[in-house]
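Participant: Structure incoming, see below.
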Amino acid sequence: MVLTDDELKYIEEVLGRKPNELELGMMDVMFSEHCSYKSSKPILRNFPTDGPDVILGPGDDAGIVSLTDEYALAIGMESHNHPSAVEPYGGAGTGIGGIVRDIISMGAKPVVLLDALRFGHMSNQRSKYIFDYVVKGISDYGNRIGVPTVGGEIEFDDNFQYNPMVNVVCAGLVKKDEIVYGSAPIVGDVYLLMGGTTGRDGIHGVTFASEELTSNSEVEDRPAVQVADPFTKKRVMEATYELLETLDIHGVKDLGGGGLTCCLSEMADKGGNGSLIDLNKIPLREENMTPYEIMLSESQERMVFAIDSSDVEKAFEICKKHDLAHAIIGNIIDKREFIIKDDEEEICHAPNILFTEAPIIEREAKEPEKIIEDVEIPEVDVEEALYKLLSSENITSKEWVYSQYDHEVQLRTIVKPGDDAAVIKVDDETSFTIGTDCNSTHVLLNPYDGAASAVLESINNAISMGARPIALVDCLNFGNPEKPEVFWQFKEAVSGMSDVAGKFNTPFISGNVSFYNETEGVTVNPSPIVGTVGVVENTKIKTMTLKDDGDVILVVGNTYPELDGSQYYKHIHNVVQGYPPKIRLEENYNVSTTIEKLIPKYNDNITSVHDISKGGLIIALALMSIKSKKGVNVNISNIPSTTELSQDDKLYSESNSRFIITVKEDALTTIEEALSKNNVAYSVIGSVCSDGFKISNDNDVLVDCSVEKITKENTTTIEKQMA
């Protein structure tokens, strides 16, 4: 039980009595950090949530943003970290299942999945096992329900050895006049429970997710992990679409964390009403289940609909057609109370407030002591460092992962995995871009700048595809919030994210907080994962693929001596300390928005775009060459900067808001004038060629190799480890 003594006292004061066993279990679930956001809610209020394209912000199963006159996008992001640590295949699969149901609940048809993952190093057998089976769980579930998994990102670090991060995004298209919400607004309506039956799996799933893991969690907490059932999910999806098309559905919500307790209490309370539930009507999978088990079960593939009683017969016909369990389990009442009956006996009778408004906890925040050692960074051969970086776990190609995903089902995927973001077709004129980002090492070193940079990087990835960024989603993964140092990280991260999102007018429309990502004193690197939705005309889509020999290569944006936290320091010199790249908000905004405006204006003359991030300029250039199977001839002597740079700074710095763009040679003057007019620093550094990857600094040739060589270094690491 996660209820504190103060919370128990509060419950008794509101009830005027002690809660019975069922009520106590239900409130324990709803007071959990996972359901109540009792630690994070005051901090999350700093996020901007309104914008010109926002239809629905945070608070429902998903956020909704406008894409075209006809279509909107429902999008959500969730974590399934604890379950995936205990049972990686099932934990990852049910994570996908839950976020897909969230999108269906809004009336939308899921068209895309992404995953943002964190693991320990593959040299550790347990981390390797978790990595393998998380990917299999995501792949099997997504492929079987026919929703493409089109992207995401992965990091490997020792701090994720015991606590992997499994964050999943789903987005779906919905016509604006067909949106439904997770509320029960009409007194007298009945609750239709449809889908899978209710069993004993997943009981205490949310309280399990609101505590630290231990060395015994793999055995002790396995029953708290839900059982995935993608085949039932497919039928649930089809039945839901038919119910929404056939009946006047007043509200829909999926049964995720907290099961029936969470679903019914939230639906009724959002509608300003209450619920009267008949426990005996709930379809069960197992015999002799107690009321406690029934109300706390998190069995998968279940949905609740608020419908008019006159539509029950039609609803039942649809459920039977799809061979799904179904029942009317109660009705909506005009008192804001949650009442459950077992036969004629009332076994729960409490006000909604005890399920939907847990008291806020004011957590202490304390900046941890920062220790920086004097470390000598020896000079290394640039070409050898390039090969090591390209083959390092965090930069190597993730094709082994995304090749297991069906990313072309539904035939909407225009730009496939491996670019700055995925591009998904809406109609003949419009597409949307979607991607996720976070550099967990940068957030560890400075949560404000690191988290702000995650938002900026995600926005820049959308811009690199030619899109206009319109909205953000997030999943905030941190350690134990009861520890002041962890809560300080959380507050600083949210502050940085809010500042960047506000500046770019890209509101957060949906998100999730995952605390207690710790195991016996080992805390994960703080990981606020950010996803950005962008809108792009189909004729204006850009990619990082180099196009024609002779195209001119420009670096746009200033580089600073910012190597702390870089992949170069981490993987070449085994150094992780100091201060990560800073946010220079006005400068970053000017560079990014200038590129955003130039791409559609000079669409035919700008031939490729890629933002510079992990690994710095040299890695960005290498990945463009690998992607396109074309070469580059570049000199880094005059890359833009406001300060003196070392050779390492020029090659490996991970400063924010920098882009590589290639332009047609006869358009160079026009592009240069446009950049200068907007006071954006840039430099012409070279040109595209048919083969050869050559990097020079003044007269010194630093790298001179074939594209085939760098491709080989970049594409075999995971395959070798997982063989």
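Including glycine, each Cβ sits where the backbone N, Cα and C put it.
Keep in mind it's a predicted model, so treat the numbers as computed, not measured.
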Participant: Out of ASP474, ASP548, ASP549, which is the one Swiss-Prot records at the ATP site of TYR37, GLY511?
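Facilitator: Of ASP474, ASP548, ASP549, ASP474 joins TYR37, GLY511 in the ATP site that Swiss-Prot records.
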Participant: Is it possible to get the count of other C-beta atoms within 10 angstroms of the C-beta of GLN300 (substrate binding site)?
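Facilitator: A 10 Å sphere around the Cβ of GLN300 (substrate binding site) contains 27 other Cβ atoms.
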Participant: Around HIS34 (active site), which of the listed binding-site residues (GLU78, ASP102, ASP474, ASN512) come within 10 Å, judging by Cα atoms?
Facilitator: ASN512
Participant: Give the number of CB atoms, excluding that of ASP254 (Mg(2+) 2 binding site) itself, located within 10 Å of its CB.
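Facilitator: I count 24 other Cβ atoms within 10 Å of it.
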Participant: Near TYR37 (ATP binding site), meaning Cα within 10 Å, which of SER79, ARG101, ASP102, GLU298, ASN512 (binding-site residues)?
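Facilitator: For TYR37 (ATP binding site), the binding-site residues whose Cα atoms are within 10 Å come to ASN512.
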Participant: I want the residues beyond TYR37, ASP474, GLY511 whose C-beta is within 8 angstroms of the mean position of the ATP site's C-beta atoms, in chain order.
Facilitator: SER40, LEU44, PHE47, PRO58, CYS475, LEU476, PHE508, SER510, ASN512, VAL513
Participant: Could you tell me which three-state DSSP class ASN512 (Mg(2+) 1 binding site) falls into?
Facilitator: strand
